[in-house]
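*Asks:* Below are the features I grabbed from Swiss-Prot:
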- 16, 17, 92, 95, 200, 202, 212, 213, 232: NAD(+) binding site (BINDING)
- 24, 271, 272, 273, 274: ATP binding site (BINDING)
- 164: S-palmitoyl cysteine (LIPID)
- 165: S-palmitoyl cysteine (LIPID)
C-alpha cells in the first residue's frame with residue numbers, strides 16, 4: 001500500500017489520567033507501532049482527553065492539575081497532544097460524545113473525509129457540493145499542488161497545532177469555507193481518516209458489565225469508530241470479547257495490539273502510582289515521568305489516602 005491509500009488514524013484515549021503514567025504514553029507508542037506494522041494504517045496523531053471533574057471518581061484531583069500533568073507527560077512527543085475540551089464542558093461527557101466531538105471537529109478544520117472503521121464514508125467534504133470538485137481559494141498561487149496526507153492536520157490555530165507535528169514546512173494560504181470561518185489553514189486533500197478509541201483491556205472488559213455502558217453508545221463506539229486495545233497484565237481479550245454480544249458483533253472493528261505481552265509498562269497504573277506516592281515508594285520513578293513527579297510534589301497531590 002502507498003501512503004495515500006493507507007487509512008490515516010488519530011488515536012484518542014479518554015480517561016481520568018489521575019495521574020497520567022508512563023504506561024499511558026507507552027500505550028500510544030505501542031498502538032502506533034502495531035498499526036504501522038500491519039501495513040494498512042498511518043497514525044498521524046494522538047489525543048489525550050482527561051475526564052470532566054464531575055465524573056465523581058473518588059480521589060480524582062481537579063482537571064486543572066490533571067491537564068497540566070498530561071501536558072508535562074507529552075511535552076517531548078511530536079505526535080501526542082492533550083485536549084481540554086472534555087474538561088471544559090459544563091458536565092461529564094460520555095466517551096461516545098467525546099469521539100463524536102473530535103470527528104466533527106476534524107471534518108470542520110481539515111475538510112477531509114472521515115469514515116467508519118469498516119465502511120468508507122461517501123460523505124462529501126464539508127462546505128463543498130457533492131458532485132463538484134472542491135475549489136479552494138488561494139492567497140498564494142505557488143502552493144504545492146500535491147500535499148502529503150500529513151499536511152491535512154497542519155496548523156489551523158494554536159488549539160490544534162500539535163495534532164500532527166511530523167510534517168514538512170509548507171506555504172500557507174487562506175481557505176474560504178461557507179460553513180467554517182477558519183482563516184489561515186493548510187491545503188487539504190480527500191483522504192480517509194478515522195478516529196479510533198485507544199484503551200487498555202480493563203476498559204474493554206468494562207463493556208461486559210451489565211448496565212455500565214449505554215448500548216446505543218457501545219454500538220457507535222465499536223461499530224462506527226472502532227477500538228485499539230493494548231492489553232494489560234496479559235489479559236485474555238478473546239475471552240473478554242466473547243462475554244459481550246456487541247463486542248462479538250463488531251469483533252473485526254477491535255484491533256488488539258499483539259506485541260510483548262510481558263511489556264514492563266503493561267502493569268503500570270494510576271492506582272499503583274498514587275499508592276507509591278502515598279507511601280514514599282521510590283518505584284514511583286518507574287511509573288511517572290520526572291516532570292509529572294515534580295509537579296505532584298510541588299502541588300502536594302495524592303499525599304493522603306483520599307487521593
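Cβ atoms are placed via backbone N, Cα and C, with glycine included.
The structure displayed is predicted, hence computed values, not measured ones.
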*Asks:* According to DSSP, which of helix, strand or coil covers residue 212 (NAD(+) binding site)?
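*Replies:* Going by the DSSP assignment, residue 212 (NAD(+) binding site) belongs to neither helix nor strand, so it counts as coil.
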*Asks:* Please report the number of other Cβ atoms within 10 Å of the Cβ of residue 92 (NAD(+) binding site).
*Replies:* 13
*Asks:* Within the same chain, and leaving aside 24, 271, 272, 273, 274, name every residue whose CB is within 8 angstroms of the centroid of the CB atoms belonging to the recorded ATP site, in sequence order.
*Replies:* 18, 19, 21, 268, 269, 270, 275, 276, 287, 288
*Asks:* Tell me, in order along the sequence, which binding-site residues from 24, 271, 273, 274 have their CA within 10 Å of residue 212 (NAD(+) binding site).
*Replies:* none
*Asks:* Out of 16, 271, 273, give me whichever of these binding-site residues has the highest number of other Cβ atoms within 10 Å.
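*Replies:* Highest number of other Cβ atoms within 10 Å: 273.
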*Asks:* How big is the Cα-to-Cα gap, in Å, between residue 200 (NAD(+) binding site) and residue 271 (ATP binding site)?
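*Replies:* Cα to Cα, residue 200 (NAD(+) binding site) and residue 271 (ATP binding site) are separated by 14 Å.
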*Asks:* For the NAD(+) site as recorded (16, 17, 92, 95, 200, 202, 212, 213, 232), determine the largest distance between any two Cα atoms, in Å, rounded to the nearest integer.
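*Replies:* Site span for NAD(+), by Cα atoms: 26 Å.
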*Asks:* Given the binding-site residues 24, 232, 272, 274, which one's Cβ is surrounded by the fewest other Cβ atoms within 10 Å?
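*Replies:* 272, out of the binding-site residues 24, 232, 272, 274, has the fewest neighbouring Cβ atoms within 10 Å.
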*Asks:* Given residue 24 (ATP binding site) and residue 232 (NAD(+) binding site), what distance in Å do their CA atoms have, once rounded to a whole number?
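*Replies:* It is 11 Å, counting Cα to Cα.
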*Asks:* Would you identify which of the binding-site residues 200, 212 has the most other C-beta atoms lying within 10 angstroms of its C-beta?
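*Replies:* Going through 200, 212 one by one, the largest Cβ count within 10 Å is at 200.
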*Asks:* Please give the ATP site's span as the largest CA-CA distance among 24, 271, 272, 273, 274, to the nearest whole angstrom.
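*Replies:* Per the listed residues, the maximum Cα distance equals 15 Å.
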*Asks:* Check the Cα-Cα distances from residue 273 (ATP binding site) to the binding-site residues 16, 92, 232 and tell me which is shortest.
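*Replies:* For residue 273 (ATP binding site), the closest Cα among 16, 92, 232 is found at 16.
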